[in-house]
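J.: Right, I'll just put the structure down here and ask away after.
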Amino acid sequence: MDNHNLDEFRRRWQEELAQAQALRKRRRPEAAERRPRLPEVAPGRGEQASGYLALAQSLLEGAGRPPAAARTTRAERQEAASRSRSPPAREGAGGGEQLVDQLIRDLNEMDDVPFFDIQLPYELAINIFQYLDRKELGRCAQVSKTWKVIAEDEVLWYRLCQQEGHLPESSISDYSCWKLIFQECRAREHMLRTNWKNRKGAVSELEHIPDAVLCDVHSHDGVVIAGYTSGDVRVWDTRTWDYIAPFLDSEYEEDEPGMQPYVSFVRINSSLAVAAYEDGFLNIWDLRTGKDPIHRFEHDARIQALALSQEDATVATASAFDVVMLHPNEEGYWQIAAEFEVQKLVDYLEIVPDTGRYPVAVATAGDLVYLLKADDSARTLHYVYGQPVTCLDVSANQAAFGVKSLGWVYEGNKILVYSLEAERCLSKLGNALGDFTCVNLRDSPPNLMVSGNMDRRVRVHDLRTDTIALSLSAHQLGVSAVQMDDWKIVSGGEEGLVSVWDYRMNQKLWEVHSRHPVRHISFNSRRLITANVPYERVVRNADLDDFAAHRRDRGRCWTCSGSVRLKGPSWAHPLVQQVRGAVSKPPASVPCPHHTAQLAI
């Protein structure tokens, strides 16, 4: 309570004590007359007052500590203690005993909170308790039996599981005790975090294709897609620990082996896989139906950028000076949703998530940044002559891209954060000498963003204060890929090094090295997926079909898992389930499972 309420409480308490004393005197006037009159001594102020009376009197007067008279010497305290053990004199302790009794009664009344006796409807109590977190629910469960029943209701703990991302696809009827499920999920998260920190896990290298160089890799929710110089596209489901990787058919003529064009880009989401080829063709596969493409689109020139929405079936491609958005109609037939013409060749292309009916994309072309809406024409989001864009990433309502500063007035390389709704610059972050090579805004925690630079440093930016929260000297060469969550950072460098950092402790946990630059990094609480893609797309040592030669010259894609293996066809991707059901043993067209190394990281 505040000072005003405390003073009011003391004043009323003193009035009640004075009224009680006056009433006692009126009831016993004769006893008061026969009693010998003694000099009036205020309780707690004389030498005979005990420490309790002095403390009570100081509380009534508003003092924060016992009065000076109560701070006696050690001998006086021993004498007062001996007197307190003896029966007190009734004549001089009447007012003091009343004051102590009243103080004790008032302190006891503080436990009798009226709210505990109110009988609320159960549904109303659940609505009140749903705003509490797990710690507050645990404290409320210790109040009374009624509160314990309410605090352990299944609805409350099911909502906690959903809020923290545990079993997001489950319903409340799937389990009988959601509190126990929540505790098990928390224990599992603690185990996974411990495995991340202590380098405990199983490293598995995905099977390579003989006489082919890795061109591009992408992943989504543990499903990996890779494209090769042979024109082959493969898909792995790393959640099953049974990597039967099917090939996706490309519909090229089989009578011309080795003549298929290189795969330029690959993208994947929960239901679609997309691959762009050097000759301008684009293949789209539905992973739930089969290995044959459901749509094939052709550009007149080479495809320079490819983007796939992570939420729905929207594909964006950039070829020459055209940007095309593809989307299926209500009947399921793919069609051109929008087409834009830009002034320069597109370097980076991303689709904005959660845009509703009309897809929205952001494209960079040299020193131009375009905002492409399907229901509108191309709009220039940013343009500064002579300052090209070096990297790009988007979230639901923001876009972040690195800008290289050139010219006579050197301002340093920066990262600009734009609002997609207001179409204006919100922040200018960093002032680095090197070019920003990668930025991750979509997967970063709220109000944070991580970036990599050619000056070999990884930076964590605070979007609220427009400052650099952390700067790490991470690699020997430039940083090529980076991602972060609420406690760690995973970065990849041009020298092939993958480093894991605990950015709260500013400490490197562990690292893994390979020959080629790291072009793809994706991780969650259970697994880490990385890809080392060579600079040159030339097959060397074609006569040596061994694992070491492929890792040395043709690229590498590997995954690390720190969780318990999940086995069984119910966890497999539908496309992998089709391959399992179609054959009892892998034929020549479907290679055997890859070489897997189970070891500490």
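Glycine residues also receive a Cβ, built from the backbone N, Cα and C atoms like all the rest.
OK, TrEMBL features for this one:
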type: COMPBIAS; residues: 29-38; note: compositional bias 'Basic and acidic residues'
type: COMPBIAS; residues: 63-72; note: compositional bias 'Low complexity'
type: COMPBIAS; residues: 73-82; note: compositional bias 'Basic and acidic residues'
type: DOMAIN; residues: 114-160; note: domain 'F-box'
type: REGION; residues: 22-48; note: region 'Disordered'
type: REGION; residues: 63-96; note: region 'Disordered'
type: REPEAT; residues: 472-511; note: repeat 'WD'
J.: Which residues of the chain, 6 or more past the ends of the repeat 'WD' (472-511), have a CB below 8 A from one of its CBs?
T.: 193, 196-197, 199, 434, 437-440, 443-445, 448, 450-460, 517-523, 525, 528, 530, 532, 601
J.: For the repeat 'WD' (472-511), report the average pLDDT of the model, please.
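T.: A mean pLDDT of 92 is what the model gives the repeat 'WD' (472-511).
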J.: Tally the residues of the domain 'F-box' (114-160) by DSSP class, grouping H, G and I as helix, E and B as strand, and everything else as coil.
T.: 33 helix, 0 strand, 14 coil
J.: Is it possible to list how many residues within the repeat 'WD' (472-511) are helical, extended or coil according to DSSP?
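T.: Summed over the repeat 'WD' (472-511), the classes give 0 helix, 25 strand, 15 coil.
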